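Now, the feature entries from TrEMBL:
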BINDING   Asn12, Glu397  Mg(2+) binding site
BINDING   Lys19, His221, Leu222, Gly223, Asn224, Gly225, Asp295, Met296, Arg297, Gly343, Val344, Gly345, Glu346, Asn347  ATP binding site
BINDING   Arg104  substrate binding site
ACT_SITE  Asp161  active site, proton donor/acceptor
SITE      His193  site 'Transition state stabilizer'
SITE      Arg254  site 'Transition state stabilizer'
Amino acid sequence: MTATATRVLVLNSGSSSVKYQLLDMKPDPVGGSTAGTRLAVGLVERIGEETSRLAHTPLATGGDKRETEGPIADHEAALKAVAAELSADGLGLDSPQLAAIGHRVVHGGLKFTAPTVIDDAVLKEIERLVPVAPLHNPANITGIRTAQALRPDLPQVAVFDTAFHTTMPEYAARYAIDVETADAHRIRRYGFHGTSHAYVSRKTAELLGKDPSEVNVIVLHLGNGASASAVAGGRCVDTSMGLTPLEGLVMGTRSGDIDPAVTFHLKRVAGMSEDDVDVLLNKKSGLVGLCGDNDMREIRRRIDEGDERARLAFDIYIHRLKKYIGAYTAVLGRVDAVAFTAGVGENAAPVRAAAVAGLEEMGLAVDADLNAVRSGEPRLISPEYARVAVAVVPTDEELEIAQQTYALVNA
Ligand code: ADP
């Protein structure tokens, strides 16, 4: 890597999509540290279909978003199309300014506790984890292989969704099932969204003017997927997702916590197959299962019109959230802040208000005026008197991946 190589390409490869961002990590000449400047962002979706779509925004040149539609056969073709878009803006992947490519990898198991430069052994280990992340790791591997073929000389770094949660104590990570069976099949609670929980908990400490080591934070990542984490002094001590991202909070289409006997019942009594149950719990449950919508804006609109099913779905969502706030308050002993993040957490003021309503005895309250403010900046929404700070902290997983990648290749 040359001294001028300060750019990082972040790739988030899904089964039929690739999200990407090119960031410049050049240190700020005044402050010394880098906030990371976004040069380009984009998305390729519906890979493998006739109607693939590439949307590319060249932020560096201030150009407009460019959208192209047409078949993109596979991830290799997708990445080549992205490379061509970047080249058109003078930001080509062949540039000596590109320092590394950072990949989001969903499952890192127990082995990967930190970002890791990818070599054959690392790739093999990510492959070994496919049985515990069948939907995600194969796509991540394809993304890595494709990027390696494009720039074999460049460091490729894996940043794992699970890494931040590897500090969970054994009593929080282990399910209370037969130990031999669990260990033989690597069944334990891994947790996900770790990059977001790491970023948001650190940003929350910053917002409070403290070092992360000094504060205990409950992070509520409420997107389409949703998870909570308890972070003590910068280290994760519990999180709501488990072996897979199905456990925990009510999500857009996932049930979250459920009695596992429901699955036996669905098979034995309702005659459903293994795959039917999988699809039911992952895709047809949560908010969508409860009321037919998973977009919180639509649910709030329906509630305003007096829709009872939307109301009940909202109440179930909030009830689960409250239970986790209570549980993690007990886990942490002392809570300095509760931070809301991701699509719902950052935008849905009624969710934030309802989640802490009635929790004044626990030191939690939301100021209605502060809660109503719309902003892309981290901010406090609790009243002065509240013992626990309630914050809205926009997440930025791509920036976190770029920072971790850049730090690693410069170490
Ligand atoms: P993902 O898990 O797909 O990354 P996001 O973090 O982008 O999800 O969150 C997407 C969800 O955020 C949407 O399904 C919607 O429920 C919610 N959302 C986005 N904008 C708003 C808004 N203005 N008000 C309420 N909810 C919103």
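Glycine too: its Cβ is placed from the backbone N, Cα and C atoms.
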Task: Leu222 (ATP binding site) and Glu397 (Mg(2+) binding site), Cα-Cα, nearest whole angstrom - done: 14
Task: DSSP-derived structure type at Asp161 (active site, proton donor/acceptor), helix or strand or else coil - done: coil
Open item on the list: Are there recorded positions among Arg104, His193, Glu346 that sit within 10 Å of the residue listed as 'active site, proton donor/acceptor', Cα to Cα? If so, list them; otherwise say none.
Closed with: Arg104, His193
- [ ] Using CB under 6 Å from any atom of ligand 1, narrow the recorded positions Asn12, Lys19, Leu222, Arg254 to the ones that qualify.
- [x] none
Open item on the list: Need the DSSP three-state call for Glu397 (Mg(2+) binding site) to compare against my parser.
Closed with: helix
TODO: May I ask you to report the DSSP-based helix, strand or coil state of Lys19 (ATP binding site)?
DONE: strand
Task: Inter-residue Cα distance where the pair is Asp295 (ATP binding site) and Arg104 (substrate binding site), in Å - done: 25
Open item on the list: DSSP secondary structure for Asp295 (ATP binding site), reduced to helix/strand/coil, please.
Closed with: coil
- [ ] Could you check the recorded positions Lys19, Arg104, His193, Arg254, Arg297 and say which one's CB has the fewest neighbouring CB atoms inside 10 Å?
- [x] Arg297
TODO: Restricting to the same chain and to sequence separations of six or more, state which residues have a Cβ under 8 Å from that of Asn224 (ATP binding site).
DONE: Met251, Gly252, Thr253, Asn294, Gly343
TODO: Fill in the CA-CA distance, Asn12 (Mg(2+) binding site) to Glu346 (ATP binding site), as an integer in Å.
DONE: 21
Open item on the list: Please give me the CB contact count at 10 A for Val344 (ATP binding site), counting all chains in the structure.
Closed with: 27
Task: Recorded ATP binding residues, Lys19, His221, Leu222, Gly223, Asn224, Gly225, Asp295, Met296, Arg297, Gly343, Val344, Gly345, Glu346, Asn347 - maximal Cα separation rounded to whole Å - done: 24
Open item on the list: Please list, in sequence order, the residues in the chain of Leu222 (ATP binding site) that are at least six apart in sequence and whose C-beta is under 8 Å away from its C-beta.
Closed with: Leu249, Leu321, Phe340, Thr341, Ala342, Gly343, Val344, Gly345, Ala348, Val351
